[in-house]
Amino acid sequence: MADESGDAAGCPPPAPAPIRRQSSANYRAYATEPHAKKKSKISASRKLQLKTLMLQIAKQELEREAEERRGEKGRALSTRCQPLELAGLGFAELQDLCRQLHARVDKVDEERYDVEAKVTKNITEIADLTQKIFDLRGKFKRPTLRRVRISADAMMQALLGTRAKESLDLRAHLKQVKKEDTEKENREVGDWRKNIDALSGMEGRKKKFEG
């Protein structure tokens, strides 16, 4: 009994188990355990019904806009193209009326041509301004480049034009040496061994002293 009490008194008590937070335990349980996905509040049949209703409304709006355009076109034609009164007109009067109608048609064609020219000009200006904006922003579309085989002479000709031949003539800036001058120098130098023999010995020293 004494030994057991001594061993119990000498050994330290066991450390308590770490206490885990309730929030972390709940998070682990939620992450590990499978859970059902949240169901949508609207069923599939209800979604299909709403889509069908939206398509029907859009179709009705398009039909109404087309009917309004047809009505506007009819009103414009009725105001501009009045009905002809041909009752009681003679042959000469009918000819005059035809001439007036042809003149009016020609005038309308001229106006239509002018309007088309203005529209084309405006479209071109808009395209140019849009391209300038893209160039300033640095977002221009690069064209596709094709690989072309070209020689160095043709490339220099394309870049420099008439100056290509002048720039390629590299010997034009070099110093030209005449053949007669080189032969004269060779004659003056002569054989170098004879010069060494002439300057060696007492005679050579005498020549150096006298020179």
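Numbers run from 1 along the shown chain.
Cβ atoms are placed via backbone N, Cα and C, with glycine included.
From a predicted model like this one, the values you see are computed outputs, not experimental measurements.
Swiss-Prot has this to say about the protein:
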- 1-23: region 'Disordered' (REGION)
- Ala2: N-acetylalanine (MOD_RES)
- Ser5: phosphoserine (MOD_RES)
- Ser23: phosphoserine (MOD_RES)
- Ser24: phosphoserine (MOD_RES)
- Tyr27: phosphotyrosine (MOD_RES)
- 33-80: region 'Involved in binding TNC' (REGION)
- Ser43: phosphoserine (MOD_RES)
- Ser45: phosphoserine (MOD_RES)
- Ser78: phosphoserine (MOD_RES)
- Cys81: site 'Involved in TNI-TNT interactions' (SITE)
- Cys98: site 'Involved in TNI-TNT interactions' (SITE)
- 130-150: region 'Involved in binding TNC and actin' (REGION)
- Ser151: phosphoserine (MOD_RES)
- Ser167: phosphoserine (MOD_RES)
- Ser200: phosphoserine (MOD_RES)
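Looking at Ser43 (phosphoserine) and Ser78 (phosphoserine), their Cα atoms lie 53 Å from each other.
A coil conformation is recorded for Ser43 (phosphoserine) in the three-state DSSP classification, outside any helix or strand. Taking only the Cα positions, the spacing between Ser78 (phosphoserine) and Ser151 (phosphoserine) is 70 angstrom. Classification of Ser151 (phosphoserine) by DSSP places it in coil, neither helical nor stranded. Summarised by DSSP class, the composition of the region 'Involved in binding TNC' (33-80) is 37 helix, 0 strand, 11 coil.
When the C-alpha distances from Ser45 (phosphoserine) to the recorded positions Cys81, Cys98, Ser151 are tabulated, the minimum falls on Cys81. Each residue contributes its Cα atom, and for Cys81 (site 'Involved in TNI-TNT interactions') and Cys98 (site 'Involved in TNI-TNT interactions') those atoms are 14 Å apart.
The two recorded residues, Ser151 (phosphoserine) and Cys98 (site 'Involved in TNI-TNT interactions'), have Cα atoms 69 Å apart.
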